[in-house]
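Working notes, structure below.
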Amino acid sequence: ATSLSTPKLSTTLSSPTLHSLLYKHKFSLLSLSNPIKPLHFNFLTHSRSTPSSLSCTRRRFTAPRAESSNGADAPRHYDFDLFTIGAGSGGVRASRFASNFGASVAVCELPFSTISSDSTGGVGGTCVLRGCVPKKLLVYASKYSHEFEESCGFGWNYDVEPRFDWSTLIANKNAELQRLTGIYKNILKNAGVTLIEGRGKVVDPHTVDVDGKLYSAKNILISVGGRPFIPDIPGSEYAIDSDAALDLPTKPNKIAIVGGGYIALEFAGIFNGLKSEVHVFIRQKKVLRGFDEEIRDFVGEQMSLRGIEFHTEESPQAIVKSADGSLSLKTSRGTVEGFSHIMFATGRRPNTKNLGLETVGVKMTKNGAIEVDEYSRTSVPSIWAVGDVTDRINLTPVALMEGGALAKTIFAHEPTKPDYRNVPAAVFSQPPIGQVGLMEEQAIKEFGDVDVYTANFRPLKATISGLPDRVFMKLIVCAKTSKVLGLHMCGDDAPEIVQGFAIAVKAGLTKADFDATVGIHPTSAEEFVTMRTPTRKVRSSPSEGKAEHDIKAAAGV
């Protein structure tokens with residue numbers, strides 16, 4: 001699934017928006033003009049059991065007779081306390097936690113496949129099978145070519161050019177995915193969750209149909225995630241999406257990647273590192289809309305230096321297949337020929353088609369995202385939703401947070417709202433990006449007066465490798481309170497470094513706290529605690545749209 005600013009939770013559709021790595025996503029919150037029923041958190045009729053008793057006995061909770069939202073009497077007894085449709089990150093987390101709290105839980109999921117469809121999926125969901133994990137494995141594979149180049153300056157010589165075998169990588173990747181989906185199945189089994197293979201569809205507020213068999217449940221959770229979206233242009237049948245790109249039979253010789261978001265940049269880095277010729281076509285002037293402006297500029301420059309060709313302000317219009325099998329991409333500025341593959345990384349859509357949600361009254365946005373309140377409850381009181389299907393912040397750790405919060409809300413008598421403040425994120429481009437907190441533009445708008453610290457330097461490794469690699473780091477600080485509002489980095493190990501600093505930003509530490517921290521030398525990370533002089537001071541009232549910049553010498557250059 002982001003700018004990752006803190007969303008202000010609201011129950012109106014006019015609430016502030018949040019960018020989700022590339023794309024601008026509105027929080028899908030229910031309109032006050034048609035409010036849902038108030039939450040009643042005493043969902044279970046028995047007294048709360050102690051953790052020790054729950055670990056020994058799986059209890060079947062009996063719900064009192066209730067009037068369902070469609071006016072029909074709900075059944076007195078249910079097959080399950082929770083029935084989850086979709087065994088991705090959020091669904092598995094919610095189901096496992098709910099079961100640990102003593103609820104009877106079932107999960108349905110489609111049969112395993114590396115490529116998703118209306119009839120295939122797999123336990124583990126997008127992240128494990130078609131996203132984070134396989135993508136990161138391919139990133140690892142692609143980085144070796146750059147490391148071979150770096151090693152020459154350190155005295156390494158190769159009598160024979162290292163050879164890469166695509167089929168070996170894909171076979172080993174798929175074996176790892178099979179192992180991981182098995183682990184997820186065991187997690188559910190060990191938690192006492194019933195796993196049902198098949199396609200689930202909501203029949204009424206308390207009934208799910210799985211391939212013709214009906215199951216009743218006190219609560220239903222929708223966690224079906226999203227699917228890649230390819231625009232409908234002439235020749236789109238020749239295009240591939242991110243699912244297919246992770247499982248191609250052969251490595252592309254020359255690939256066009258349409259899109260300028262994090263998925264596009266990650267795959268551009270992968271195929272460039274594997275020695276494919278890579279062209280990236282974007283509609284904007286710069287990549288990564290929704291990210292910090294200086295990060296956008298920096299990563300584009302660095303990726304260009306590695307041989308990736310960017311075609312800016314170009315919109316795809318058609319794909320043409322030649323007699324020799326090669327593909328041509330026609331854009332608003334002309335035609336580029338000779339591609340072996342054309343990949344679209346133009347966003348993802350919630351996977352809500354044919355789930356029966358409209359018929360039971362679940363409200364959705366125009367793009368199919370399920371509208372939920374702050375507790376992940378839909379417009380139908382017994383139906384809930386977490387993860388990418390709600391189009392909030394489309395990140396795996398966020399889906400995990402939402403799933404855990406939902407289980408506490410329903411089954412632990414602990415109404416829990418997911419906390420979207422200062423969610424860290426990464427782009428595994430080459431070089432990679434890590435960020436947490438506000439972008440500079442957001443900080444100025446919200447706080448007015450900010451001090452900006454930046455460093456742009458050649459890392460120690462590059463001084464001997466001879467390659468043009470650089471690192472960019474940025475701190476955004478509230479001038480009045482000295483609180484660190486945002487932290488951004490592009491360079492080797494940025495995601496690993498930012499994960500640690502995310503704790504500091506989340507905890508509300510100040511620039512003085514950073515300054516008082518002893519750095520680890522020699523590292524790139526130490527720059528975050530050694531920047532002393534602001535690159536610029538921005539002085540502006542939050543309510544005014546104007547800002548004055550006091551430019552000073554850049555720190556760390």
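Glycine too: its Cβ is placed from the backbone N, Cα and C atoms.
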- Task: Let me know which member of Thr120, Thr207, Thr396, Thr530 Swiss-Prot also records as binding FAD at the site of Ser89, Gly90, Glu109, Thr126, Cys127, Lys135, Gly200, Asp388, His521.
- Result: Thr396
- Task: Name the residue range among 6-28, 52-74, 535-557 that Swiss-Prot annotates as region 'Disordered'.
- Result: 535-557
- Query: Measuring Cα to Cα, how many angstrom lie between Cys127 (FAD binding site) and His521 (active site, proton acceptor)?
  - Reply: 35
- Message: Can you give me the Cα-Cα distance between Cys132 (disulfide bond) and His521 (active site, proton acceptor) in Å, rounded to a whole number?
- Response: 31
- Note on the structure: The most crowded of the binding-site residues Ser89, Thr396, judged by neighbouring Cβ atoms within 10 Å of its own Cβ, is Ser89
- Query: Reported as an integer number of Å, what is the Cα distance between Ser89 (FAD binding site) and His521 (active site, proton acceptor)?
  - Reply: 37
- Cα separation, His521 (active site, proton acceptor) to Gly200 (FAD binding site) (Å, whole number): 54
- Including all protein chains displayed, how many Cβ atoms other than that of Cys132 (disulfide bond) lie within 10 Å of its Cβ? 19
- Measure from the CA atom of His521 (active site, proton acceptor) to the CA atom of Glu109 (FAD binding site) and give the result in Å, rounded to a whole number. 49
- When a 10 Å sphere is centred on the Cβ of Cys127 (FAD binding site), how many other Cβ atoms does it contain? 24
